[in-house]
Amino acid sequence: MDTTDTKQVFKATAFLILTTISIPANIFVFCAFLRIFVTEGKLMTADIILCHLAFVNLLVALTRSIPQTMAAFGYKNMLDDVGCKLIMFSFRIFRGLSISLTCLLSTYQAVLVSPATSRLAPLKSKIPQYLIHIIVILYVIYCVSNCNTPISAVASFPNNTIPPYTFNLQFCFVSFPNYIGFISGGLLNFFGDLLFVVLMAIMSGYILVLLYKHSKRVRGLRSSECSQSGARAEVKASRAVVTLVTLYCLFFGVDNIIYLYSLTVLRVAIFLSDIRVFFATLYTSVCPVIVIITNPKVKVKTKMKKQQSLSQPTDITTSTV
């Protein structure tokens, strides 16, 4: 096996692992919160955000991870122009929603743990009250702002000649007519995403400061078991949110360093596009895993499923004896 084949196998394996983790994990998280809503009749504010986050991450995986995985296995001409335009339009919408919902989650968690004297305190009642409106507005904003995305997406070129200022995704091409369109489109996407990333980083830093102050304050104090358990729950939730934001900022950094570099060249090397796509979609696999590990409500559903799977063979054995 030569070097090219080895790289292809490695790439196909990496994207396959990414896809096989992200899709089932996001479906599980989404269904877990949906079941809570059906059985209890309501969801907490953070749970609603996490439910939408699992939904959009699932659609990011379906619109980007699956086509990229199939292309890595050699299925490169599976879409026509309409399919490419639909895939790219959907991906841009749901990737943007993934960023903004993570930002919303970190903002709400910062508001939740902020002291009563904080300027963020009034938002404790405002965010839950207007949450659905905020989420609907985010969906509308990304649908409208990405209306021009399908124009640049095509399945192939005449005579297989790839023009300058083109991103080769292997299952589709994203081509711009000139350098101005290439640069302006790229920078608009970058700064739009950067705005949310900076905001979520600020909120996560604020959460870390509050957690540090809280840990210093409670070291020498004794409180009731109920208040201790409530504080521990808030601390765990805050740590989980900070972990999500930290990982997202890391993936965003790698993704956009490559993206900004690719804006400086006429044709982007395929291996750079592969690395960028991998990090752009890696969050869709990591996010639901962290939610499953850290969220007590989802963990309960996991334990229930394990108990059911363990008890089922016993029941069958007993009935057959």
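Cβ atoms are placed via backbone N, Cα and C, with glycine included.
What TrEMBL says about a protein is an automatic prediction, not a curated fact.
Taken from TrEMBL, the feature domain 'G-protein coupled receptors family 1 profile' applies to 25-291.
Annotation source TrEMBL lists transmembrane segment at 12-37 (among others).
Annotation comment: TrEMBL describes 43-62 (among others) as transmembrane segment.
Marked as transmembrane segment by TrEMBL: 93-111 (among others).
A Cβ distance under 8 Å defines the sequence-distant neighbours of the transmembrane segment (131-155), meaning residues of its chain 6+ beyond its ends; these are 45, 48-49, 52, 77, 79-81, 83-89, 92-93, 96-97, 100-101, 104, 172-176, 185, 192. TrEMBL lists 131-155 (among others) with the feature transmembrane segment.
A Cβ distance under 8 Å defines the sequence-distant neighbours of the transmembrane segment (194-212), meaning residues of its chain 6+ beyond its ends; these are 99-100, 102-103, 106-107, 109-110, 113-115, 235, 238-239, 241-242, 245-246, 248-249, 252, 256. According to TrEMBL, the feature transmembrane segment maps to 194-212 (among others).
Taken from TrEMBL, the feature transmembrane segment covers 241-263 (among others).
Under the heading transmembrane segment, TrEMBL lists 275-295 (among others).
Tertiary neighbourhood of the transmembrane segment (241-263): same-chain residues 99, 102, 105-106, 109, 167, 182-183, 186-187, 190, 193-194, 197, 200-201, 203-204, 207-208, 272-273, 275-276, 279-280, 282-283, 286-287, 290, 294, selected by CB-CB distance under 8 Å and a gap of 6+ residues from either end.
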